[in-house]
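Chemist: Dropping a structure here in structure tokens format, bear with me for questions.
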Amino acid sequence: MTNYAIILAAGKGTRMTSDLPKVLHKVSGLTMLEHVFRSVKAISPEKAVTVIGHKSEKVRAVLADQSAFVHQTEQLGTGHAVMMAETQLEGLEGHTLVIAGDTPLITGESLKSLIDFHVNHKNVATILTATAQDPFGYGRIVRNKDGEVIKIVEQKDANEYEQQLKEINTGTYVFDNKRLFEALKCITTNNAQGEYYLTDVVAIFRANKEKVGAYILRDFNESLGVNDRVALATAETVMRQRITQKHMVNGVTFQNPETVYIESDVEIAPDVLIEGNVTLKGRTHIGSGTVLTNGTYIVDSEIGQGSIITNSMIESSVLAAGVTVGPYAHLRPGTTLGREVHIGNFVEVKGSHIGEKTKAGHLTYIGNAQVGSSVNVGAGTITVNYDGQNKYETVIGDHAFIGSNSTLIAPLEVGDNALTAAGSTISKTVPADSIVIGRSRQVTKEGYAKRLAHHPSRSK
């Protein structure tokens, strides 16, 4: 059995009120088009053809070499859109899935079941349908007394009886590929919209006494077509619930799943505890036994097992096992932390490697640095890495002790086991095993404070 797919992605999406093509709006971190394409891959299509139109280059860039593309210059209806794929698929033996690119909730399992139903029942066309409590706006499935599908009627063309029907057309179909393009040559624009309706091929097949079937979705949510921001928010809510449920089934604990935002490509190992208001985005991986506390935000990062991240932001960073971060820390892109590193309150690290068991507990900036293992970085330490034009590296050796309020002016190297005195400004190489003091000598003037206007003795 050879399968093909046609994805309809040419529309502007006027009701979205956006410069962005409708299918490129995102749901849980992926464009709607990407969600649809991933589900389509469940049927293993020999060829996928995406129909593009409005801002076509942006749409094409999302799927790139994963799909063939055809251009629909004028949007003259769904039938016209499918006609555009004729140059790619006409005459081929097999079954063709037709699906809209704005249906991000459809699952691969449902599409696979649709194809299987179509093949097993030897249909020339199979419609994916759903039962709607409020069917207004949807095309209705009209059956005869024997339950056979005889036609699909659009809302604007439906009579009073047809408008009461609750079985609706989801806009997803499977056709015998050859018969699809033969039937498309017979449809017209004689309808309320003045468009070429893809649904009109059903009546053509029925007139030829060819078999048309309908496969009913179990979950109505999968039928959602996103046409405005309200529907986009609905899709986001459903997708977020799916994602959290998937992770819970796989052994992840959520204290308040309704408040968590996790994107589609995030991976979470078992025995992770996630508190409320946590955001995980992009290609993030969370290792087993990790705890993410309230307010944590992580994007495109790897967190090693057994780590504790407390109310902190982590971007494009890699953390080894047993790391503790926060509260209120910020790990910026290019940061790597070795095993059992501690990054504490109000510490910012950017583009740096921190060796295992090193600690930077408070109020510190580490940028463009290579920090060894078992280093203590005192409170208020700053790596001065930027001169207004270029950035420079700071290298700190193993077991070094950086005193509080040290200012390290790069390029700079502090050797193994070296110590910088608190309050020092260091601008030259510090040899291994050295102590360096880079501050002014303290001067004490006894009794001098009594001369100052604010001294209590002057207010008498």
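Note that Cβ sites are derived from N, Cα and C of the backbone, with glycine treated the same way.
Since the structure is predicted, the reported quantities are computational estimates derived from the model, not experimental observations.
So Swiss-Prot lists these for the protein:
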- H362: active site, proton acceptor (ACT_SITE)
- 8-11, K22, Q72, 77-78, G139, E154, N169, N227, R332, K350, Y365, N376: UDP-N-acetyl-alpha-D-glucosamine binding site (BINDING)
- D102, N227: Mg(2+) binding site (BINDING)
- A379, N385, Y386, S404, A422, R439: acetyl-CoA binding site (BINDING)
- 230-250: region 'Linker' (REGION)
- 251-460: region 'N-acetyltransferase' (REGION)
Chemist: How about long-range neighbours of the region 'Linker' (230-250): same chain, 6 or more residues beyond its ends, C-beta under 8 Å?
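Modeler: Cβ under 8 Å, 6 or more out: 16, 25, 27-28, 32, 35, 104-105, 221, 224, 257, 260-264, 266, 268, 270.
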Chemist: Just the number: how many Å between the Cα atoms of Y365 (UDP-N-acetyl-alpha-D-glucosamine binding site) and A379 (acetyl-CoA binding site)?
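Modeler: Given the Cα positions, Y365 (UDP-N-acetyl-alpha-D-glucosamine binding site) is 10 Å from A379 (acetyl-CoA binding site).
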Chemist: Going by Cα-Cα distance, pick out whichever of the binding-site residues A10, D102, N169 is nearest to S404 (acetyl-CoA binding site).
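Modeler: If we rank A10, D102, N169 by Cα distance to S404 (acetyl-CoA binding site), first place goes to D102.
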Chemist: Over all pairs within A379, N385, Y386, S404, A422, R439, the annotated acetyl-CoA binders, what is the largest Cα to Cα distance, rounded to whole Å?
Modeler: 22
Chemist: Pick the one among the binding-site residues N169, N227, N385, S404 whose Cβ has the fewest other Cβ atoms within 10 Å in this structure.
Modeler: N227
Chemist: Would you find the one among the binding-site residues Y365, Y386 whose Cβ has the most company, meaning other Cβ atoms within 10 Å?
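Modeler: When each Cβ's neighbours within 10 Å are tallied, Y365 leads.
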Chemist: If you average pLDDT over the region 'Linker' (230-250), what do you get?
Modeler: 98
Chemist: Below 8 Å Cβ to Cβ and six or more residues apart, same chain only. Which residues does that give for A422 (acetyl-CoA binding site)?
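Modeler: A422 (acetyl-CoA binding site) has long-range Cβ partners G378, G403, S404, N405, S406.
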Chemist: Which residues does A379 (acetyl-CoA binding site) neighbour through Cβ under 8 Å, counting only same-chain ones at least six apart?
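Modeler: Set apart from A379 (acetyl-CoA binding site) by at least 6 residues yet with Cβ under 8 Å, we have G361, H362, L363, T364, S404, N405.
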Chemist: DSSP helix, strand and coil counts for the region 'Linker' (230-250)?
Modeler: 20 helix, 0 strand, 1 coil
Chemist: Near D102 (Mg(2+) binding site), which residues of its chain come within a Cβ-Cβ distance under 8 Å, counting only those 6 or more away in sequence?
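Modeler: Expected: G11, G13, K22, V23, M32, V36, G225, V226, N227.
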Chemist: Tell me which of the recorded positions K22, R332, H362, R439 sits in the most Cβ-dense spot, judged by other Cβ atoms within 10 Å.
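Modeler: Max Cβ neighbours within 10 Å, all protein chains included: K22.
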Chemist: Tell me the Cα distance separating G139 (UDP-N-acetyl-alpha-D-glucosamine binding site) from N385 (acetyl-CoA binding site), rounded to the nearest angstrom.
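Modeler: With the alpha carbons as reference points, the distance is 63 Å.
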Chemist: Rounded to a whole angstrom, what is the C-alpha distance between G139 (UDP-N-acetyl-alpha-D-glucosamine binding site) and Y386 (acetyl-CoA binding site)?
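Modeler: Distance (Cα to Cα, whole Å): 62 Å.
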Chemist: Using CB atoms and a 10 A radius, I'd like the single residue among the binding-site residues G77, G139 with the highest neighbour count.
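Modeler: Highest number of other Cβ atoms within 10 Å: G139.
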Chemist: What residues, ordered by sequence, lie under 8 A Cβ-to-Cβ from L8 (UDP-N-acetyl-alpha-D-glucosamine binding site) and sit at least six positions away in the same chain?
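Modeler: In sequence order, V51, T78, A81, V82, V98, I99, A100, G101 meet the Cβ cut-off.
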